[in-house]
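One structure below.
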Amino acid sequence: MTNISDQLDREDSRVRHDQGIGGAVRAFLDRVKSGDLGMLPVFIGLLLISVVFSSLNPVFLAPNNLVNLLFDAAAIGLISLGVVCVLLLGEIDLSIGSMSGLASALIGVLWVNAGLPWPFAVVLAVLAGAAVGLLYGFLRNKFEMPSFVATLAGLLALLGLQLYLLGSTGSINLPYTSTLVKFGQIMIMPAWLSYICALLPGAVIVYTGMNTNNRRRAANLSSPGMSVVFAKAIIITVALVFCVYYLELGRGVPWMFAVFTVFVIALEYALRRTKWGRSMFAVGGNAEAARRSGINVRGIRMSAFMICSAFASLGGVFAASRLASASQQAGTGDVNLNAIAAAVIGGTSLFGGRGSAWSALLGVIVIQAISNGLTLLNLSSSLRYMITGAVLAIAVIVDSLARRSRASHGRA
Amino acid sequence: MTADKGELILKLRGVSKQFGAVTALKDIELDVHAGEVVALVGDNGAGKSTLIKVLAGVHQPTEGTIEWCGKPVSLDSPGTALELGIATVFQDLALCENLDVVSNLFLGHEINPWQLDEVQMEVRAWTLLRELAARIPSVREPIASLSGGQRQTVAIARSLLLDPKIIMLDEPTAALGVAQTAEVLNLIERVRDRGHGVILISHNMEDVRAVADRIVVLRLGQNNGVFTNETSHQELVAAITGASENSVSRRMARKQEEAV
Ligand SMILES: Nc1ncnc2c1ncn2[C@@H]1O[C@H](COP(=O)(O)OP(=O)(O)OP(=O)(O)O)[C@@H](O)[C@H]1O
Ligand SMILES: [Mg+2]
């Protein structure tokens with residue numbers, strides 16, 4: 001190790017520089033204390049949910065129930081992934097439910113009724129979503145229309161279009177033998193592939209960790225050391241392998257969920273490691289400052305609304321394939337609330353400028369676990385709505401309190 | 001003495017800016033040459049920041065022409081101004097509090113847009129900050145955790161990043177410590193010696209005299225004379241306040257009487 005005070009970023013003696021695993025843990029505790037909770041509430045929430053529901057009904061933790069849970073989570077999860085993008089800018093899209101319903105209606109009409117090949121219908125549905133997002137972005141940029149008003153209008157308009165498309169029959173059944181429906185109901189990853197996928201993140205963490213460490217050392221910057229990297233990789237690998245093993249006791253890992261996870265990883269990369277992602281956080285944090293830095297704020301807004309609606313469409317397609325039908329009920333009820341709640345519960349702030357793609361994945365598992373657990377207890381949907389509403393309220397309260405605490409600790 | 005400093009980079013003629021009923025700028029003329037420090041002084045609300053924002057592409061002028069290196073340009077967005085080589089330190093700094101120092105420094109101009117090069121950006125950040133004798137404990141903390149002066153240093157460092165032709169500083173030393181103020185003044189001189197133009201806004205006449213080649217006075221949104229650093233203090237204050245009999249001269253007279 002080089003002399004510490006020689007390193008570029010180690011000149012200020014006032015800063016405690018955390019080294020090794022102990023340092024990483026200490027830094028994490030500091031962050032939590034200052035209100036930078038990250039994913040912590042989710043893990044605590046999941047633990048609570050598991051304990052409560054499995055004590056009420058042991059089936060809750062049965063492997064096959066969890067497999068079903070993942071099947072159900074993918075559609076809402078995708079919608080929630082889009083919500084993360086608009087929330088990062090401090091905007092909102094209330095029409096995601098209607099958009100997903102419209103997309104499933106489009107699948108029914110284009111594929112079943114008009115006879116287009118299904119991949120074609122899926123692409124068209126997603127493009128329709130992007131076009132709706134373009135319109136929202138335009139209304140926001142051109143007329144400064146608050147997004148919650150524009151999308152509230154969209155909620156009704158899109159629902160109307162969905163009902164119009166489905167016409168008098170009210171619902172269109174999708175053929176059971178098709179790949180699209182199998183994808184939503186029975187397709188499971190082969191066990192060997194699941195295990196490889198479980199090992200991959202650990203390997204990537206070690207590889208990039210090593211790379212970063214070497215480059216930082218070469219550039220005369222302090223490097224956190226490999227012990228933290230290895231610890232992180234080992235914890236994640238063990239956790240993932242255990243999850244796969246447990247799911248393999250049942251049917252295994254649904255392809256649907258795997259595809260959703262790939263989208264999560266792609267968005268996370270785009271948000272953390274690209275200029276576009278940096279601009280998203282900047283616009284969400286201080287739009288005027290972002291503009292003065294030469295960022296195309298309108299373009300960023302436009303892209304966020306388009307991605308949101310496109311993900312909502314894709315989520316609608318997933319939902320249709322899960323239910324094997326395109327119905328008038330698709331996308332109505334608690335879909336909107338659940339998708340937004342998932343993003344917030346996962347740690348994406350409603351106030352803009354904070355969040356991550358992972359929040360969609362973790363949040364949707366929480367939401368789906370609650371809904372699944374309550375269904376197992378044979379509770380009516382009225383109670384389910386009330387409980388999910390309460391969970392959302394709690395998540396927002398945690399978000400607001402954490403924000404206040406961060407402000408007083410100077411962490412924005 | 002200034003005309004031979006270098007070529008004319010920036011030339012404003014008849015620039016006006018209206019905010020509804022308020023005329024913030026009227027018929028402004030301003031020249032900036034390469035290798036020259038132009039100080040912009042005036043009372044609160046004289047229109048200095050507005051002028052800077054027009055040049056930074058933040059506000060569009062209601063009237064008037066702006067010439068850049070002899071060619072008329074329209075600065076229709078901050079991006080255009082940055083591309084031409086006009087960098088600005090705004091009075092309100094315009095930093096993103098939720099991002100860390102490195103992200104703020106490189107905002108909009110990240111190295112390697114498809115796979116951000118954090119290591120290289122961090123190294124460059126430390127070098128820039130060191131040039132300014134910055135006292136910043138960590139560049140990986142969000143801006144929200146920095147003091148006012150530290151934020152100002154970050155904003156100044158950011159303006160240097162792209163090696164601009166002209167840098168405009170709106171009260172850059174208002175919150176800075178003694179050493180950091182001296183570094184900023186040194187920096188202004190270094191930037192000038194490299195053949196770049198500087199526009200400096202400051203209420204501190206000592207700093208202005210120390211570095212400025214020309215002192216342009218704005219009063220109530222209009223040009224009110226161009227001076228050099230040999231101009232007497234009284235004359236300058238008179239131009240700023242618009243009268244030789246003003247609160248500053250009255251206060252001076254009173255102090256002198258008390259001393260007698
Ligand atoms: N965005 C705006 N909308 C309306 N009026 C504005 C706006 N910005 C500035 N003004 C007005 O323009 C005038 C000039 O303001 P400006 O900020 O340029 O003053 P200044 O010379 O920078 O003053 P200070 O020394 O206090 O920073 C003021 O009367 C102000 O009220
Ligand atoms: Mg000002």
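Note that the numbers count up from 1, one per residue, in the order the chain is shown.
From the backbone N, Cα and C atoms, a Cβ is placed for every residue, glycine too.
Bear in mind that the values here come from a model prediction, so they are computed numbers and not experimental data.
TrEMBL lists A:37-60 (among others) with the feature transmembrane segment.
The feature transmembrane segment is assigned by TrEMBL to A:66-89 (among others).
Outside the transmembrane segment (A:96-114), and at least 6 residues removed from its termini, the chain residues within Cβ reach (under 8 Å) are 75, 79, 82-83, 120-122, 124-126, 128-129, 132, 154-159, 161-162, 165-166, 171-175, 180, 308-309, 312-317, 319-320, 325-328, 330-333, 335-336, 339-340. According to TrEMBL, the transmembrane segment annotation covers A:96-114 (among others).
If you look up TrEMBL, you'll see A:120-139 (among others) marked as transmembrane segment.
Non-local neighbours of the transmembrane segment (A:146-166) in the same chain are 86, 91-95, 97-99, 101-102, 105-106, 108-109, 132, 135-136, 139-140, 172, 305, 326-328, 330-332, 336; each lies 6+ residues outside the stretch with a CB under 8 Å from one of its CB atoms. Residues or ranges marked as transmembrane segment by TrEMBL: A:146-166 (among others).
The transmembrane segment annotation in TrEMBL covers A:186-207 (among others).
Long-range contacts of the transmembrane segment (A:228-247) within its own chain (CB-CB distance under 8 A, at least 6 residues past either end) are made by residues 20-21, 23-24, 63, 66-67, 70, 194-195, 197-199, 201-203, 205-206, 209-210, 213, 253. The annotation transmembrane segment is assigned in TrEMBL to A:228-247 (among others).
The transmembrane segment annotation in TrEMBL covers A:253-271 (among others).
Taken from TrEMBL, the feature transmembrane segment covers A:302-323 (among others).
TrEMBL lists A:335-353 (among others) with the feature transmembrane segment.
Long-range contacts of the transmembrane segment (A:360-377) within its own chain (CB-CB distance under 8 A, at least 6 residues past either end) are made by residues 39, 42, 45-46, 49-50, 52-53, 56-57, 59-60, 65, 68-69, 72-73, 76-77, 80-81, 83-84, 260-261, 264, 338-339, 341-348, 383-384, 387-388, 391. Annotation comment: TrEMBL describes A:360-377 (among others) as transmembrane segment.
Per TrEMBL, the feature transmembrane segment maps to A:383-402 (among others).
Listed as Cβ neighbours of the transmembrane segment (A:302-323) (distance under 8 Å, sequence separation of 6 or more from its ends, same chain) are residues 71-72, 74-79, 81-83, 85-86, 88-89, 91, 93, 95-97, 99-104, 106-108, 122, 125-134, 136-138, 140-141, 147, 174, 180-181, 183-185, 256, 260, 263, 276, 280, 330-331, 335, 339. Comparison of A:37-60, A:186-207, A:253-271 by number of C-beta pairs under 8 angstroms to the transmembrane segment (A:383-402) places A:37-60 first. For the transmembrane segment (A:253-271), the partner stretch with the highest count of Cβ pairs under 8 angstroms, out of A:37-60, A:66-89, A:186-207, A:335-353, is A:66-89.
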